[in-house]
Amino acid sequence: MTEDLRQDTLYQLDHVSKSYTRGKERVDIFTDLTMQIGRGEFIAIMGPSGSGKTTILNLLGGIDRPSAGEIAFKGQRIDNLGQGKLATWRAHNVGFIFQFYNLMPTLTAIENVELPLLLLKMSGKERRRRAETALDIVGIADRAGHKPRQLSGGQQQRVAIARAIVADPAVLMCDEPTGDLDRESANSVLETLQLLNTELGKTIVMVTHDPAAASFAKKELHLDKGRFVEREALA
Amino acid sequence: MNRATLVRKSLFRKKVRAILLILSIAIAFFIFGALGAFYKAFNSGVEVAAADRLVTVNKINFTVTMPLAYQARVAQVEGVRNVSHASWFGGYYQEPQNFVQTFAVDPETYLIAYDELTLPPEQREAFLTDRTCLAAGRALANQYGWSLGDRIPLLSNIWQQQDGSSAWDFTICAIFDADDDAVPTNYAIFHYDYFNETLAFNRDQLGWLIVSTTDPALNAEVSQAIDALFANSPAETETTTEAAFTQAFLEQIGNIGLILTSVIGAAFATILMIVGTTMVLAVDERTKEIAVMKTLGFTAPSIFAMTLGEVFLLSLLGGLIGLGLAWTLVSLAAESLAGFIPGLGISLDIALIALALMVGLALLTGLLPAMRAMNVQISTALGKL
Ligand SMILES: Nc1ncnc2c1ncn2[C@@H]1O[C@H](COP(=O)(O)OP(=O)(O)OP(=O)(O)O)[C@@H](O)[C@H]1O
Ligand SMILES: [Mg+2]
């Protein structure tokens with residue numbers, strides 16, 4: 001497997017299986033999945049509901065651990081880390097973007113963006129400065145003092161993107177990031193993601209149901225019955 | 001922003017709810033502080049009671065008098081060093097609300113019995129010889145601004161003179177202190193003879209005897225001997241230690257300790273349930289947010305700590321506000337009640353117990369929600385990522 005640990009490989013999955021037990025019944029989501037994700041990729045994962053899209057994001061994002069097999073990130077295994085270590089690993093390496101934004105309602109936009117930085121060692125001033133920069137990058141610096149409920153869906157998702165990138169992670173996990181947005185807001189969020197990918201080199205894994213959204217990615221993977229079918233994006 | 005900001009903001013996410021919680025906690029601690037201060041002040045008499053002092057009262061009730069001749073008879077009992085007596089005068093100064101705790105006493109033996117009272121030799125002499133002298137305690141004199149030589153009429157709400165008047169005239173000829181701050185000096189004493197001779201009714205009766213033994217070890221024996229002396233007489237006696245007598249005196253007012261404990265206990269049981277359930281609900285309604293925080297990389301222990309911190313903040317805010325209110329009330333009351341209840345105040349030990357209660361309350365009501373918060377599963381709480 002050494003040849004797979006090339007400099008441009010971000011994730012290496014080897015014989016990964018994931019199954020859930022529902023009562024007495026065992027449900028296999030993946031069996032023996034082997035794949036790589038390279039640095040700088042922008043992958044759209046599509047597939048029917050219940051096919052395991054969120055499950056693979058959870059495995060890649062270090063929220064869940066595989067039932068069998070190995071997952072390595074930058075050559076280091078993450079599948080055998082304990083809960084605490086995994087949490088710290090997430091704080092340093094992964095940004096998460098959710099369908100329903102999931103901002104803290106009690107915090108202002110900039111405080112929401114500062115939140116992940118509480119887990120890194122830096123001064124309050126530095127946190128504020130970084131959060132301002134992140135808000136600037138996603139083009140919503142003028143709403144820094146607003147609470148989430150004072151923002152539109154598209155604006156909230158921008159704040160969420162700022163929160164995802166503020167700790168400068170290598171990879172962004174996006175689960176239907178435009179699922180709750182109108183076409184126009186969706187496109188502008190997707191353009192932002194594209195920008196983060198091309199200009200800042202962020203690796204992005206995005207789950208979506210929407211072919212138009214998927215077309216913003218460099219690569220589309222179709223998940224069906226535990227298997228990925230690759231298709232180079234037309235766009 | 002830092003973690004403390006996070007804790008504060010999540011406590012006040014619903015302002016009305018947070019304020020009501022703080023208020024309910026504040027009320028409980030207000031009750032604790034105020035009642036605790038009164039209880040402590042009432043009980044200080046028990047704490048300063050001398051070990052070798054016995055008090056003999058009428059067996060029926062300590063408010064019922066007994067013959068003056070008892071003093072001489074008790075003095076004969078083996079193991080008795082000194083016998084004094086006192087009678088309740090029930091005085092007030094000018095207005096009925098200006099209550100003055102006053103006792104008609106046998107001066108010489110009284111100062112022997114209460115040797116913790118101190119006064120200059122010339123004032124002691126004046127008190128012993130001057131029949132209309134009123135010896136006022138320092139706290140009482142300060143309260144009414146009395147000084148030596150002042151002529152003070154005191155009115156009794158119990159007794160009457162032969163001429164129908166209920167006012168007795170006194171001159172302040174002595175002001176006594178105590179060698180220990182805990183000993184109250186909020187009362188006045190005067191000659192029993194002056195009182196007895198002028199009484200319209202119930203003459204040659206005394207309120208209670210104060211018996212000093214030669215050795216505290218003899219207390220039980222002496223008590224029995226005294227009570228045996230008057231068994232089967234019209235005025236049977238009951239002799240107890242001064243500490244027990246003071247306690248009984250307090251119980252006459254009501255079993256204060258039990259009432260206080262019940263009231264405070266009920267208040268705390270109530271807030272325990274209110275705060276406990278509210279915090280569990282508060283955590284449950286934000287499982288999604290907790291799941292997001294965990295996703296971002298907050299560990300289970302840090303979620304636990306922040307949730308517990310929130311309950312600590314709540315408990316301390318409420319507790320300190322309540323204690324502050326109690327302190328304000330007690331300080332105000334202490335001034336106007338100085339004559340009646342000396343040493344009224346929120347003492348350090350009350351404050352420390354309150355602090356311990358705040359911590360206990362926070363732990364009891366915070367541990368469950370903190371565990372629930374800590375155990376939130378990301379994938380189940382978020383459903384979709
Ligand atoms: N914690 C769990 N316990 C048991 N079964 C689970 C659990 N999480 C997911 N599943 C099951 O695993 C399968 C894949 O779920 P997943 O959420 O990954 O699907 P998905 O592709 O994201 O679907 P959707 O498009 O609806 O979001 C589903 O059948 C789901 O019911
Ligand atoms: Mg999903």
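Quick reminder: no glycine exception, Cβ is built from N, Cα and C everywhere.
Those TrEMBL annotations? Automatic predictions, nothing curated.
The domain 'MacB-like periplasmic core' annotation in TrEMBL covers B:19-228.
Same-chain residues lying 6+ beyond the ends of the transmembrane segment (B:20-39) with a Cβ under 8 Å from its Cβ atoms: 256-257, 260, 263-264, 267-268, 270-271, 274-275, 278, 314-315, 317-323, 325-327, 329-330, 341, 344-347, 350, 353-354, 357-358, 361. The feature transmembrane segment is assigned by TrEMBL to B:20-39 (among others).
The transmembrane segment feature in TrEMBL is assigned to B:256-283 (among others).
The annotation domain 'ABC3 transporter permease C-terminal' is assigned in TrEMBL to B:264-377.
The transmembrane segment annotation in TrEMBL covers B:303-330 (among others).
The transmembrane segment annotation in TrEMBL covers B:350-370 (among others). For the transmembrane segment (B:350-370), the list of distant contacts is 25, 29, 32-33, 36-37, 40, 268, 271-272, 275-276, 279-280, 282-283, 303-305, 307-308, 310-312, 314-316, 319-320, 323: same-chain residues at least six beyond its ends, Cβ to Cβ under 8 Å.
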Composition by DSSP (helix, strand, coil) of residues within the domain 'ABC3 transporter permease C-terminal' (B:264-377): 95 helix, 0 strand, 19 coil
Model confidence over the domain 'MacB-like periplasmic core' (B:19-228) (mean pLDDT, whole number): 89
